[in-house]
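Chemist: Heads up, here are the entries from TrEMBL:
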type: COMPBIAS; residues: 450-460; note: compositional bias 'Basic and acidic residues'
type: DOMAIN; residues: 3-102; note: domain 'Ig-like'
type: DOMAIN; residues: 313-396; note: domain 'Ig-like'
type: REGION; residues: 249-270; note: region 'Disordered'
type: REGION; residues: 450-472; note: region 'Disordered'
type: SIGNAL; residues: 1-21; note: signal peptide
Amino acid sequence: MTPSLTALLCLGTLPKPTIWAEPGSVIPWGSPVTIWCQGTLGVREFYLNEEGSSPPWYRQPSLEPGDKGKFSISHMTQDYAGRYHCYYLSSTGLSERSDSLELVVTEVHSKPTLSALLSPVVTSGGNVTLQCGSWEGLDGFILTKEGEPKSSWTLDAQRYPHGQTQALIPVARVTPSHRWMFRCHGFYRDTPQVWSAPSDPLELLFPGVSAKPSLLTPQGPVVASGQSLTLQCRSDVGYDRFALSQEGRQALPQRPGRQPQAGLSQADFPLGPVTNTHAGRYRCYGGHNLSSEWSAPSDPLDILVAGWFPDTPSLSVQPGPVVASGENVTLLCQSRNPRETFLLSKVGAARPPLRLRSRYRDGHFRAEFSMSPVTSAHNGTYRCYSSLSSNPYLLSHASAPLELAGDSDLLPSHPQGSQWRTSSGWAWPAQSCWASGFCSFRLNTATEEPKMQPGAEHKRGPCTVPSGGALS
């Protein structure tokens, strides 16, 4: 540095320039960034220095019309992270230094987690506490809020055993006047401008009063461990986006709405392969892109995950394998293992399973599911499961299926008595239906086609309950 420049640096008689960075001051590792310095007309040179560094400074000639300097960084790394000031030199002297520009590099450390304690679903005017955490032992966190005005909070991390650090950020009086979208980064104390990758975004959800959507699953409410699972949120309101919440968890995934047909909007949330973390109670919400307020919540949908206990209960029918339509039938689910609850599920049904507390009797824990009167609406395949109150959404393995089947389309035109015969393990009624539409139900125990009795009515419309199946 020349003696004349040193003297000018001590003077600083000209107005300070303006400094900024494009595309911004927070830059992912490896991306380009440009630092601009703008002064008055007639500037000859611009100088850029980093706080804590010694000369020589970065130096660039003025660009036309003589009031801007450009400093380019082609690949941002932690070597360029820091606080910068700029100056300009004109024929009349050197300017004061600019305000500081903090240049940050991100994606150097692994991303932290960001969640809302209790739930990201909040009421207007309420308070919420956000939690940013990491397993990398980071010393501090920066929470940023998107939108206008853009704001950020810097917090010291608290240390926990096994290297975990986290910070709690209370946010008061949140309202749906604008979207509340947050991310957080982490950093180490000795390099505060070197940040981690950003956390996944967290948006606070304000339920409103607009029409609630419907939440359903094509697979039914009971799914086996490892099975694929998709939840569908749909509405006859043209929502632009949908959000899914799971009770007791902080994640709030969103999906854009699509129109499967005119007048309907829908979003699919794939959740498989299923593990124990997917078991629980879900709700979904619909929203519009230009509004931060969401719809009223859907009715809850309980997802039950089977196969998490080594128990396999048995399912049988009482009083026996034959019952006339219109009479009463009881399905008995039981296990030798101590179980607090039993559930009866109809395969393919959208409605939740029946759930009963177990009772101990004759060396078994059992529950009796009564169905009366039995009609063709009960046709279907049933299974039963056991569960514990500690987690009612995790179930045992399924029992063997029990099927109740009936067909009244081929009923004889006049009443006839029921006659049963056994052949190769089969018990078949020669005539078992009445003109009134009532017919008997029975359990099939094989797949061999029965032989018809000589002289019997060969139009057969049995209502049958094959063994290994269940009542619907």
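Each residue, glycine too, has its Cβ placed from N, Cα and C.
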Chemist: In the domain 'Ig-like' (3-102), how many residues does DSSP assign to helix, to strand and to coil?
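Modeler: Residue counts in helix, strand and coil order: 12 helix, 48 strand, 40 coil.
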Chemist: Can you break down the domain 'Ig-like' (313-396) into helix, strand and coil residue counts using DSSP?
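Modeler: Per DSSP, the residues of the domain 'Ig-like' (313-396) fall into 3 helix, 46 strand, 35 coil.
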Chemist: According to DSSP, how is the region 'Disordered' (249-270) divided among helix, strand and coil residues?
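Modeler: Within the region 'Disordered' (249-270) the tally stands at 0 helix, 10 strand, 12 coil.
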Chemist: Give, as a single whole number between 0 and 100, the mean pLDDT over the domain 'Ig-like' (3-102).
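Modeler: Reported value for the domain 'Ig-like' (3-102) is a mean pLDDT of 87.
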